[in-house]
Amino acid sequence: MKKVFLIQLISYWCFLGCTTSKEKHIILSNNISVVIAKNEKLNDKEFEGWQYKDIFEDTVPGVSLEKVYREFLKDKKGVPIIVAVIDTEVDIHHEDLKEQIWVNANEIPENGIDDDHNGYIDDIHGWNFIGNVNGENIIHSNYGFIRLIRKFKPLFQNKTVDSITFNQIKDFEAYQKALKSFGETQKSKLQQLENVKGFINKYNKAQHALKAHLSVDSITKEQLLALHSTDTIIKKYQKTLINYINRGFTEHTLLGYLEQTQESIDKSLDFDYQEREIIGDDLNDLSDIHYGNNNVSGNLDKLYHGTLMVGIIAAKRNNSIGIDGILNEAKIMPLCISANGDEFDKDIALAIRYAVDNGAKIINMSSGKQFSMNRQWVNDAIQYAAKKDVLFITSAGNSGLNLDDKEHNYYPNDINTDGSEISDNFMMIGASSYTLNKRLIYYKTNHGKNNVDLFAPGYKVYTTLPNNKYRYSRGTSAATPIVSGIAALIRSHYPDLSASQVKEILMKSGISYNIDVEIILEDDTKKMVPFSSLSKSGKIVNAYNALLLAEKISNAKN
């Protein structure tokens, strides 16, 4: 049976974009629209671009990007816009990305000279803050709670709150919280290791049985779908392999997950592991910027996250290769700060400042962490970006937490200790899914009526993978570049609009789904809450509405 949902629209949408005869049939007098949810599952092809669909035309809660290019930007051309992606290294030679990478025109390649005097030698395509001059790179880094425990253990080990001074209480509480996080993460990683081993065992059994049954050396999805066996064991293995293939699992990826999980336990959770030694900088001196290297495209077999994010924003459109990103006008500036573990605040702060000083108008950071050792450095950098009219967009995280709860800190953020915002250029993004029901949100997304600004599609988003490959991505990491891409689209076509105006446009022009969704509480119980209660805007970003509003505001200014 088809389900009917109500979708609350902002009042000015009808004024801006719903006065044509084509749209009148779906708009009611009280600005409530009735939508019949898509009744059947999306097929593989629909999945590859569901995030671009329109809720009214396709009954899929996407961002209406297809409609943007079909109806609004058909004969319009924007100006180039630099989007900094603060993440892992990026495959800048990928077939679908190589034309979209920023080039520092003021730097002469590989001459060993800082030609543009920006403090970075031969930074042709950006900078790698976690590498050294010898080409070595941090692959695994400690979690933030490991660093914090290491710092405060000599002071607080075996102490109680009654045995410390008043001025030490804040640090002591952070130390206790870090100890708790260490225990929880260690337990989780050990369980994850066993789970991956189990997945590999099931995969190998299914492969062995089905290869023998089909008398083949390798198995394709087409062969599995065409198989009609009455043998219950074969049917079980068939279902297992189809499920693995649909989730992007191969023997190679599963072994990669196993290695990554084991190394995370051995290094990211190891108190004696000192990853920063290969860098050689003073971690406590923000003015010490002479470290890192210009290789923004190495170690892609283990550090591929950045490539996933860049594809969502800027994979070349209409080139008959791979996928279509959000816009061709984007020039991606890779700034590498992320390894497998938590980022350093120094690298985050310097990457933001590099992006601002070298022309970026949008900064995308699809990562975050629970503990921040030098939070003020990052806050100062965000405020610096605000003064220079740069929009900073980051992910809300994937722990299923309410970030309005003071116990659940997530950095970077724009909240002062008194609850006020430090700037008007900062956005934190939650993740939504393709289903118009209680699972409208990605089940692991963090949320918060005060601290999360906006939601965007973040489940099964098809994007680029290193070495000319493609795969699905999910989580708030994937949702964030969708918002960054739409923000870049606005600034490309309406460069007169400020960062704060673009933020306001994105917040106000989204679609509010007037339905209850399911969240999972910390005790693993489930609760139904209004979707509108999970973010400040209560909306999912919508590219079509955003451009309509951007045009109106731009025209009013001019």
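Even glycines carry a Cβ here, placed using N, Cα and C.
Since we're looking at a predicted model, the values are computed, not measured.
Per TrEMBL, the feature domain 'Peptidase S8/S53' maps to 81-509. Summarising the annotation, TrEMBL assigns active site, charge relay system to Asp87, His305, Ser477.
Distance from the CA of His305 (active site, charge relay system) to the CA of Ser477 (active site, charge relay system) is 9 Å. Confidence annotation: the domain 'Peptidase S8/S53' (81-509) carries a mean pLDDT of 95 in the model.
Here the Cα atom of His305 (active site, charge relay system) is found 7 Å from that of Asp87 (active site, charge relay system). Counting only same-chain residues at least 6 apart in sequence, those with a Cβ under 8 Å from the Cβ of Asp87 (active site, charge relay system) are His305, Gly306, Met309, Pro334, Leu335, Cys336, Ile337, Ser338, Asn364, Met365, Ser366, Ser367.
Listed active-site residues: His305, Ser477. The one with the lowest count of other Cβ atoms within 10 Å of its Cβ is His305.
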